[in-house]
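Engineer: Below you will find the structure I want to go over with you.
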């Protein structure tokens with residue numbers, strides 16, 4: 001089993017558990033929890049594949065279906081203990097978005113899209129599973145309010161493109177741009193960085 | 001007109017009326033009610049066709065567009081009397097999800113997807129029109145909380161696959177697995193069965 | 001630059017600003033505002049292209065990506081002044097939906113769909129960016145409650161079809177049906193017209 005696949009599976013597990021946790025907070029039943037775990041893990045990639053008119057990976061290759069299903073079962077059984085693995089989850093999740101970003105960018109390049117669209121596809125792959133999760137849970141998507149993920153993905157995806165124009169091998173480009181995603185996200189969480197707050201002065205834009 | 005088509009139309013009517021009722025509760029205007037009736041009836045099949053990259057039936061064959069439109073007109077005019085037909089609606093709706101499940105499973109098989117994905121496509125066809133309806137009405141989808149439909153569809157779809165490996169003719173497989181969907185749903189409603197409640201002990205999963 | 005393209009760009013600007021305004025009311029961060037501006041402007045056309053299985057324009061032709069991005073930057077910087085351009089915005093927006101309706105109808109015709117579906121595709125192109133915007137902002141879509149847009153689009157799209165059966169040239173058909181969309185919407189706003197209110201008698205449909 002390649003390192004790439006192991007990282008992908010760890011990311012999928014982290015994303016699925018994030019879905020289970022959100023669904024539990026909304027007191028969903030087991031079917032609802034399973035669906036939320038599923039869309040959190042594969043929703044971003046599915047949206048990407050629909051937009052670029054590609055085959056949807058998880059519908060042909062069942063590896064991720066099984067990984068999500070087993071994660072769902074284990075996470076529901078041990079739901080009271082999930083707090084203990086929070087730090088590991090955060091790590092897997094961060095590595096997962098780095099990988100998902102690169103997968104999305106590469107799929108966009110392979111289909112011949114312009115660089116800016118490829119970066120958008122990478123960001124979508126990493127972030128929009130969470131957006132669909134939040135919509136199905138009747139919440140404004142968290143990354144639209146307290147942005148943690150998306151900037152890291154945009155920077156990493158952009159780095160991927162710039163580095164591909166150098167003499168670096170593709171392996172190095174993947175490692176460096178993926179590490180950039182991880183680094184930006186870790187620094188953002190450690191130093192509580194966020195995008196500039198444009199509401200400081202509490203202007204009421206529209207009273208209607 | 002084949003029995004199959006009659007069942008399909010009765011199911012579409014039941015789904016459309018369920019959409020009209022939900023939209024009326026949200027006090028939508030006639031345009032909103034029409035759209036909600038529409039997505040409730042065809043949303044699940046449309047999502048399925050987008051995911052498997054198939055032509056979307058109602059865009060080429062207008063039968064269901066007319067059925068939904070006439071149902072919308074009649075249901076809005078007689079909106080105060082809809083309570084009286086509730087039992088008939090429940091019956092049509094139950095027969096409808098049985099049929100939709102089988103249509104979805106068969107479309108998946110025809111496109112060469114693995115069994116577990118075909119069962120998921122059947123469940124999606126039967127249940128996700130209601131999910132889109134609830135999202136457009138700004139509610140957490142009801143089947144994620146009080147699951148009534150989905151388990152019946154999953155069991156019926158699985159039965160379809162297992163029975164196709166026996167010597168039964170396809171007609172019998174359709175009748176038996178469709179009846180199973182109907183039976184499970186009727187029993188669930190009559191005996192107020194639901195998926196196990198995992199919140200009995202009122203654990204607060206996450207206090208953040 | 002053709003008149004057609006100029007109108008399209010003005011419409012895109014108006015739609016993007018409507019997205020920025022909605023996102024600001026929800027106190028989203030800059031990333032959220034950008035995404036909402038984006039889906040408001042291109043969401044309807046994207047949904048249409050996914051349903052008719054066509055290439056998605058903005059993913060290959062970056063003009064609109066740049067227009068939306070610049071509009072987003074300018075609108076966020078001058079967010080306190082947006083009230084002053086409200087009337088211009090309303091005008092651009094109204095011209096925009098007229099154009100989007102015709103583009104949608106023409107794409108449907110080119111792909112060989114029946115007239116009623118082409119009118120639906122035109123209405124979807126003009127109106128469903130706003131629907132997706134409202135869903136991402138956790139609101140019931142405004143056009144389902146206080147319908148302002150959709151009737152104008154349906155009438156204009158229908159006029160397009162009827163006029164194409166006359167001896168008028170296509171240019172005249174576009175001008176007349178587009179003007180009809182604009183006229184209906186202006187009259188609706190000036191005279192505060194809306195679809196018939198079916199809740200006047202305050203019937204409680206369903207007490208469950």
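Cβ atoms here come from the backbone N, Cα and C positions, even for glycine.
According to TrEMBL, the protein has these features:
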DOMAIN    B:6-79  domain 'Glycine transporter'
DOMAIN    B:91-164  domain 'Glycine transporter'
TRANSMEM  B:6-24  transmembrane segment
TRANSMEM  B:31-52  transmembrane segment
TRANSMEM  B:58-77  transmembrane segment
TRANSMEM  B:89-105  transmembrane segment
TRANSMEM  B:111-136  transmembrane segment
TRANSMEM  B:148-166  transmembrane segment
TRANSMEM  B:172-191  transmembrane segment
Engineer: Return yes if the transmembrane segment (B:111-136) and the transmembrane segment (B:6-24) have at least 3 CB pairs under 8 Å (sequence gap of 6 or more), otherwise no.
Structural biologist: yes
Engineer: Does the transmembrane segment (B:58-77) reach the transmembrane segment (B:172-191), going by 3 or more CB pairs under 8 Å (6 or more apart in sequence)?
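Structural biologist: Between the transmembrane segment (B:172-191) and the transmembrane segment (B:58-77), which are separate recorded stretches, there is no contact, as judged by 3 or more close Cβ pairs.
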Engineer: When secondary structure is assigned with DSSP, how many helix, strand and coil residues does the domain 'Glycine transporter' (B:91-164) contain?
Structural biologist: 60 helix, 0 strand, 14 coil
Engineer: Which of B:6-24, B:148-166, B:172-191 shares the most C-beta pairs under 8 angstroms with the transmembrane segment (B:89-105)?
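Structural biologist: Out of the listed stretches, B:6-24 contacts the transmembrane segment (B:89-105) most.
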Engineer: Verify whether three or more Cβ pairs under 8 angstroms connect the transmembrane segment (B:6-24) with the transmembrane segment (B:148-166), leaving out any pair fewer than 6 apart in sequence.
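Structural biologist: When sequence-distant Cβ pairs are counted, the transmembrane segment (B:6-24) does not touch the transmembrane segment (B:148-166), since fewer than 3 lie under 8 Å.
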Engineer: For a three-state summary based on DSSP, what are the helix, strand and coil counts in the domain 'Glycine transporter' (B:6-79)?
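Structural biologist: Output for the domain 'Glycine transporter' (B:6-79) reads 62 helix, 0 strand, 12 coil.
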Engineer: Need one number: mean pLDDT over the domain 'Glycine transporter' (B:91-164).
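Structural biologist: Summing pLDDT over the domain 'Glycine transporter' (B:91-164) and dividing by its length gives 92.
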